[in-house]
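K.L.:
Quick one: the structure is below, and I'll ask about it shortly.
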Amino acid sequence: MRLQSTRHQSPEVGFKEAIFRGLPPDNGLYLPVEIPTLSSSFWQYCDQLNFQEIATAMACGILQGSIPEKELRALIFKAMDFSAPAVKLHKDLYCLELFHGPSMAFKDFGARFMATTMSYFLEQSGEKLNILVATSGDTGGAVAQGFFGVPGISVTILYPKGKVSQVQELQLTTLGGNVKAIEVNGTFDDCQALVKQAFLDEELRSKYRLASANSINIARLIPQSFYYAYAYAQLKHLWKDLVISVPSGNFGNLTAGVMAMKMGMPVSYFVAATNVNKVVPNYLESGEFQPISPSIPTLSNAMDVGNPSNFPRLLALFNGDVEKMRAKIKGFSFTDEETKLGVKELYESYHYLACPHTSVAYLGLKKAMEMDGGEHAGVFLSTAHFGKFLPEMESILGFSPELPEALQISGKKEATEMDNTYAKFRAYLTQHLI
Ligand SMILES: N[C@@H](CCOP(=O)(O)O)C(=O)O
């Protein structure tokens, strides 16, 4: 497998180098030079396979020998020992539940694949590694759990102070050990900018080995494409063209869906469903990419991203052509009031408890399907368990749903508070990196 930068100003690299570098030197994003189409028989018979088997077939296809097939299979079965069921709510309306991993968010697929793959390579070399990651809520918890206790790896998580839910904060601040948290006085975009600056700091990089666990790292993104194929496999029996609605913030999730499409997954189109941080829906409408700064705090906090870092990758997958993107992605955005109504509607119409992010995806799908006259089958992605947002659920629904055991976290929060300037962050890193 060869990967190139979206800016084409850096040398091509192999999979191992791409995942340990995170970002190419020209500050673009790595994308596979070739995304192979899987055989038509795979897509024809994928409904006979379970999630892990589909994941293995896709990984073998895209990684093209970067990890020997037998070892890759073992690695996938170890990392992703949970599934992604498509739950039927109504005729032709499905919810793809992506919250059955340890942190109860879709980020577990990428974080656990990445942790397992990195330790596979590190075991071979015996080197040490520092993971830097920015989170607006869900990535942090998944990365904390995925990398907790992994020998030779130290993790630093940055999150915006006061802008993540209580459960999300506890998930990323209570493990201790090799996982450290920094609460930044600022937004998620500030956290992301600090991390990116560290990656471009050649002096720092000459002393410490740094890697990213955000979806800017291709190893986070590739495994997210597996559950799209599994959604297709589960809905194939409907014999209808599929619309997939993706709740979107940093746009890694949708990018992974487009990669699955490039591997041959049949899909009519995707919906990019956002909250009022609607940079991509605006782009689809106007053709202008205008980051929102600062990002606007909303009920669907994990999607409060004003400058989605995967956008260049998404655009590159459509050869930089907005018309090609428009043919495959429809963008819709929703206010918090609409999001609340979506949570209520899902509960009252289908007895389905959905978090605010999932509600945004549902609303996007509903709008798209109303516009295309109900010709399609639709699936919306549920990116996190509602238990991560219990106070919000309670105020919307008027009762408090039960909190699953995995989210009943009793540890004590430990985080270093910091302003959003690089000098402070750099000083912290030079004291804590391994
Ligand atoms: N929504 C994310 C923001 C970071 O996105 P990532 O997919 O690039 O890690 C979060 O929950 O932290």
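Placement of Cβ uses the backbone N, Cα and C atoms for every residue, glycine included.
Residues annotated as domain 'Threonine synthase N-terminal' in TrEMBL: 4-79. Residues annotated as domain 'Tryptophan synthase beta chain-like PALP' in TrEMBL: 89-376. Marked as N6-(pyridoxal phosphate)lysine by TrEMBL: K107.
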K.L.:
Per-residue pLDDT averaged over the domain 'Threonine synthase N-terminal' (4-79) comes to what?
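P.N.:
A mean pLDDT of 97 is what the model gives the domain 'Threonine synthase N-terminal' (4-79).
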K.L.:
Just how many other Cβ atoms lie inside 10 Å of the Cβ on the residue listed as 'N6-(pyridoxal phosphate)lysine'?
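P.N.:
Here the count is 32.
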K.L.:
Look up the residue listed as 'N6-(pyridoxal phosphate)lysine' in the DSSP assignment and reduce it to helix, strand or coil.
P.N.:
helix
K.L.:
Helix, strand, coil residue numbers for the domain 'Threonine synthase N-terminal' (4-79) per DSSP?
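P.N.:
The counts are 40 helix, 7 strand, 29 coil.
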